[in-house]
Structure formats: C-alpha cells, structure tokens
C-alpha cells in the first residue's frame, strides 16, 4: 500500500536531505546492483531468514529511478565483491522499495537511498553514516565487525577520551564482585553497544584498581560492589551522568536516549532524530543570532541539569529554522521565544508572545517550566473554524476540526471512521473521491446514521490521537460503544492498513463495526435509487418530447 511517510515536525522536512519524491539527483550507473556481484537482492519473503543467517548486513533500500541510487549502485557492487573476498561474513544487500513497499514502510524509509547496518532480525538496525565510495563502505563495515565495547586497562584512556570525543560516550563499570552474578547485564550492555556503535563509543572498566581511580575523577560515587553505567559528554568527565534505576533492557535504553543529549544543545539536522527519540518534553528557545544564544547558554545548562530526566532543552536558530515555530503554535516573527512540545502526546505549550514581545526573561522561563512540569499550563490548541452550513452541505464527509473533534468521538453510539490527512499529500488527494463516496453510502451526515465517515486536516488542527500520526493519510476506526483507553482518553481503535479501495473499506467497517451495518447492501440500495431517479428523468424527457411532437 502506498503511504506518504513524514515527520510529525516540519523541522524534519526543513532538515531533510533527500526526500522520497525528490530523490532524483545525479546518476552514474544502474541503481540495481550488478547481478554478477556479491550484492544479495532481498524480498520480504526471505528478509528475516537472511538476517538470521548473517550476523552483519549492510542493506540498501532504494528505488530504481533514483539518481543518487544510480550513483551508489556500482560502488555498492564493488564493496560487496571486496568484502566477499576479505570478510565473507559481512554481507551487502538491496531492497527495491518500488516492489517491497510494505517492507520499506516497516523500516520507516523516508528517502532513497537509505543504508542500514543490520545485526540479526531482532536487533534494531542502525543508520549507515559512512562514505558512499566502495573503499569507504568496506572500511566502515570492517569497523562495524569489530567488538563494540573497548576494554579499558588504564583510566587515563577515559580521560583522553573525554577530551578528544565530540559526542557522548558510555562507560560500564563492571567490578570483579559482579563478574559472575551480572552476566545478563553485561550482555545487555554489549547488545546496546552493538546497536548504537555508530552514535556513541562504549567502554568497560573491569578491574577494581582502575574503578577506584575513576571514582576519584567523578562527582558521583561508583562502587566496586555493583555494576554502574555512566554517560560522559565531551570535557565533562567529572559531571558524568549515572544510571540509577532498576536495571533492565527497556530502562537502560530509555535512560540512554535521555542522558546522551546535553543539558542544553542545539537542534539541527545532525541532532534532530536524537531529541525526537526521547519521550521527554522538549523545551525550545528560538534565538536570532549567536549572541542571543550565548546570553542564555549558562542559564539553560543549569536548568537542563536541574530537570535532567524530566525535560530536555534546545536552542534553535530562527534565522534558519524559524518556520518550526508555527508547528509549536507560536508566531515565528516574534523572537526570542520559548515553547515546549510534549513528545509523548504532541501537545504544545508556549510563553505568551504578546505579553513578552521582546522575548521572555530567564525568570519567566524558569517559572513557566516549573508550572509546566507541575501540570499547571494549558496547551495551545490550533484549530480551523467550525465548518459553515455551506461547507457541511457541500460534502457527505463530516469535516472535523479541533473544536468539534471530541464531540464526534464522544458519541459512542456511532462507529466513527476518521481520515487524518494533509492537503499537500498526493495519496490523500487520490483517496478523497473514494472517501466521499464511502460517506454517501453510509449517509454519514444523517442524524440516524450509525456510521460516521469523517476527515480532519492534521496540519491545521491539534487533535488527540491514539497513536503518533507519522504518515498521511492515516485511517483510524473507532467502534461504537468502545471502552476508553485510560492512557489516551480515547475510545478503543483499529488502524486501517489495507488497500484503500471502496470495497476493502466497506469490508473493514463491516468487520470491525459494532452497529452491524452492511455497506454492500447500502451501496446496492443507493445505486438502485440512483438508477430509479435516472429512469424517471428519462421518462419525463420522453413524455415532454412526445408532447412536443403531438403539437407539431
């Protein structure tokens, strides 16, 4: 099924490099690898089994028409042949996204070519961040085959690492007292390192003498009696962040997502996905120039440290990415500004720009953050005006906006099927006439209708959804009398993920609807009524023609 993939934030669009629809680019050869090369062509059928059998695979997701893919194709073939000779356990594969749409959707492929480093079917793949030349690909993949964790024999190595690294790195403190009892923890750490080695360096200190030396360099205390996990930011060894929760794969994963971002950093093309991976609220400070940013750097660094694990803070250069303010329901023309997005539910909050046209002070920001985290700040809700009577009468589909959205959803006597769309989305435009016909069949606007077919422009209306909307169109069905999910506050739902034709949509409603409405019968009755009306009109025309003939 075709699906327009997008980021829920416009910033991602602004920062994107090559989009799915615009990745034509230069072309030097054939995007499809030489059939005589060592590149393996993968389909959904053998994808999982191939990953199970091969522990390290570089996979290219591509489209044959993509110019950049054509440029990469010959280099990928050369790299695969070299690796096949020198390191045969490292495989190179291709997936044609024009033929394997579902597989590419599952891996959230947003542009071509996308290269992923994969380590088995059950491990999270990592993005390939290396060169696009054959030699560069070979060197990068050989590095990927090396042990993901460096064993540290002298703490001085960590001191040097802190001064030389430009990204955070993670330390496992693994004293002799736990070498036997914490084997599972060590394995989890190694798995984490394996999946994120492209993003961070991972080291392990395992001798008690070196652990004691390390402890003297830290503000926090670490023990030689239990395992500890730390993340160190460049030149901040003494201020290392220490994991303090109950150890589990899920908990350590969540902690790393939050701890590897600085207390106050900039959000840009390189850091955007790192911040979006966190579920913590994200506070944005929009600035006009570097001088404005420097004025608040110390303030936000202290604020970030104070609320570490509760909220992240970033600066954003309004001269480059000012449009993102609109996504936060703020005015991009009034900068500096401060706004917050709750990454877990997408709601936005901001300091009143009319009240502070020259930008809020640090005191105002501190007070706002404190109240936000206490749940005392109301979100800013963006909504189109309620539909006019003319708009209501113009179409069978029920138009939803933020101001009437919950009224429709809260009527649990009806099955409700909602299309979340963007006006610029080609797939949405293609679906529009089918969606309108569907609404006509079910008499969606009628008061006694048991099925409501509705749509909402998701770019202009802030509405609560049971899932994060990541692609347009997204179709969600809310069965009548559905129980309310305590986490979302919404009725139980079913995501539509099949072919978007009229018959399949009606079958879906019949299967999941509670009101037992047979769309095929309604369609047949509607067609019969239309035919009857057409026949009656023809009879009238014939009678009028006969009358005219008699007069002659």
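Each Cβ is built from the backbone N, Cα and C atoms, and glycine gets one as well.
Positions annotated as signal peptide by TrEMBL: 1-23.
Model confidence over the domain 'Thioredoxin' (12-167) is summarised by a mean pLDDT of 86. TrEMBL lists 12-167 (among others) with the feature domain 'Thioredoxin'.
If you look up TrEMBL, you'll see 66-69 (among others) marked as disulfide bond. Mapped onto three states, the DSSP output places residue 66 (disulfide bond) in coil. Residue 66 (disulfide bond) has a Cβ environment of 24 other Cβ atoms inside 10 Å.
The domain 'Thioredoxin' annotation in TrEMBL covers 329-514 (among others).
Residue 428 (disulfide bond) is surrounded by 21 other CB atoms, counting those within 10 A of its CB over all protein chains shown. DSSP assigns residue 428 (disulfide bond) to a helix in the three-state reduction. For 425-428 (among others), the entry in TrEMBL reads disulfide bond.
What TrEMBL lists as region 'Disordered' is 526-552.
The compositional bias 'Acidic residues' annotation in TrEMBL covers 532-545.
Here the C-alpha separation of residue 425 (disulfide bond) and residue 69 (disulfide bond) works out to 24 Å. Of all the disulfide-bonded residues listed (69, 425), 69 sits in the most crowded Cβ setting, with the most other Cβ atoms within 10 Å. Between the C-alpha atoms of residue 69 (disulfide bond) and residue 428 (disulfide bond), the distance comes to 27 Å.
Residue 428 (disulfide bond) sits 23 Å from residue 66 (disulfide bond), taking the CA atoms of both as reference points.
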